[in-house]
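**Q** Please read through the structure below; I'll follow up with questions.
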Amino acid sequence: MEPRCPPPCGCCERLVLNVAGLRFETRARTLGRFPDTLLGDPARRGRFYDDARREYFFDRHRPSFDAVLYYYQSGGRLRRPAHVPLDVFLEEVAFYGLGAAALARLREDEGCPVPPERPLPRRAFARQLWLLFEFPESSQAARVLAVVSVLVILVSIVVFCLETLPDFRDDRDGTGLAAAAAAGPFPAPLNGSSQMPGNPPRLPFNDPFFVVETLCICWFSFELLVRLLVCPSKAIFFKNVMNLIDFVAILPYFVALGTELARQRGVGQQAMSLAILRVIRLVRVFRIFKLSRHSKGLQILGQTLRASMRELGLLIFFLFIGVVLFSSAVYFAEVDRVDSHFTSIPESFWWAVVTMTTVGYGDMAPVTVGGKIVGSLCAIAGVLTISLPVPVIVSNFSYFYHRETEGEEAGMFSHVDMQPCGPLEGKANGGLVDGEVPELPPPLWAPPGKHLVTEV
């Protein structure tokens, strides 16, 4: 049994807390376990005391207060009620001032990361340019600039795809600058007809695809250069994955341009230039990831994959085991067949992968009874292996998607200002002076894309 307090002590006093019409009763000793919080500090709590009803009144979210009061009763255990949205509960926790440690544990339990601060440049002109290119939601001009950037990205991707069509592709392997590297002294025209020695050769710089590509690269380079010059921190800028993607998007053009100029001057080997340009052309396809800067859906997909790396790793590991196991089994089951496609275990890897992923091209198929049994088991094992981690990945996607939508809805609403019930004399022990309204702490949670901004 707990020792009883002497009569003069007020720690056993029963307090009535009225939260939006719902009355709670507890002891002052319970709230006093955390004296740095709003309810644990008598001076701060007294601002909300109603003398007429002899109770403390808080016009706040009622379902959240059960967990807040349990935090005091349990000695520091904070659990969000299942029917309370995360952003609403975090606002209530911030209002009652339960502390950074409790919020950190809650974020860890909920899997809610702290939004990183996005610094702003000190100079006004640099700050305007940074907001214009980095924050599309900051102004109407920034939205227009984002639309232009998306259109340029789409044009670049369309050109990348169109130049591989037979009607536009030369007989040589490659297009644009890569095509010229293999063309020799007499490149073929766009219509595919043969180029006679008497006709002037078509240089790659006159190619319409090259012109459009050059215009797109000029825009990408200008955009990247402006953001690099006005960014508040060069270290943070180069650590950003999106900025690295922007750099990779323009790098192939300049490498291909330098290779082509060197080829025309007779510097370097033509075969080596063609090999380099083929790799460079493949890198150009990564330009499509620039759209993720302007697409919330791609950002949510990236967050889902990042949060599901463990499950994806297990999936790849299970597939690896299954591929080795079933490719070995089908090889020994079909080894006696003269016309067998399974000539070795490595040759059977392709069949095992296609079968376990339930694609089934049919280019390789077992013929013997034993091989068919192995194929059936391989297909069943593939279905089970792939289906196991899928619910976890879907759950992660649903979590990030709802967090994004709830964050957008939260920005449309604001709380009614809490007005204390009466004045409090002095400001001792953390109290407030007469007429002062307690301020809410700064926002401790923000949806993806809504970051705190500070000047550096």
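Glycine too: its Cβ is placed from the backbone N, Cα and C atoms.
Here Swiss-Prot flags 144-164, 209-229, 241-261, 276-295, 312-332, 373-393 as transmembrane segment. What Swiss-Prot records for ASN191 is N-linked glycosylation site, and it gives sequence analysis as the kind of evidence. Residues or ranges marked as S-palmitoyl cysteine in Swiss-Prot (evidence: sequence analysis): CYS231. The feature motif 'Selectivity filter' is assigned by Swiss-Prot to 358-363.
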**Q** Apart from its near flanks, which chain residues at least 6 from the ends of the transmembrane segment (312-332) lie with a Cβ under 8 angstroms of it?
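**A** Distant contacts of the transmembrane segment (312-332): 305, 342, 344-346, 348-349, 351-353, 355-357, 366, 371, 374-375, 377-378, 381-382, 385-386, 388-389, 393.
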**Q** With pairs closer than 6 in sequence left out, are the transmembrane segment (276-295) and the transmembrane segment (144-164) joined by 3 or more CB pairs under 8 Å?
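**A** These two stretches do touch.
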**Q** Once the chains shown are all counted, how many other Cβ atoms turn up within 10 Å of the Cβ of CYS231 (S-palmitoyl cysteine)?
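**A** Around the Cβ of CYS231 (S-palmitoyl cysteine), 21 other Cβ atoms lie within 10 Å.
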**Q** In the motif 'Selectivity filter' (358-363), how many residues does DSSP assign to helix, to strand and to coil?
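**A** Helix, strand and coil residues of the motif 'Selectivity filter' (358-363) number 0 helix, 0 strand, 6 coil.
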**Q** Using a Cβ cut-off under 8 Å, which residues of the same chain at least 6 positions beyond either end of the transmembrane segment (373-393) come close to it?
**A** 304, 308, 311-312, 314-315, 318-319, 322, 326, 329-330, 333, 352, 355-358, 360, 365-366
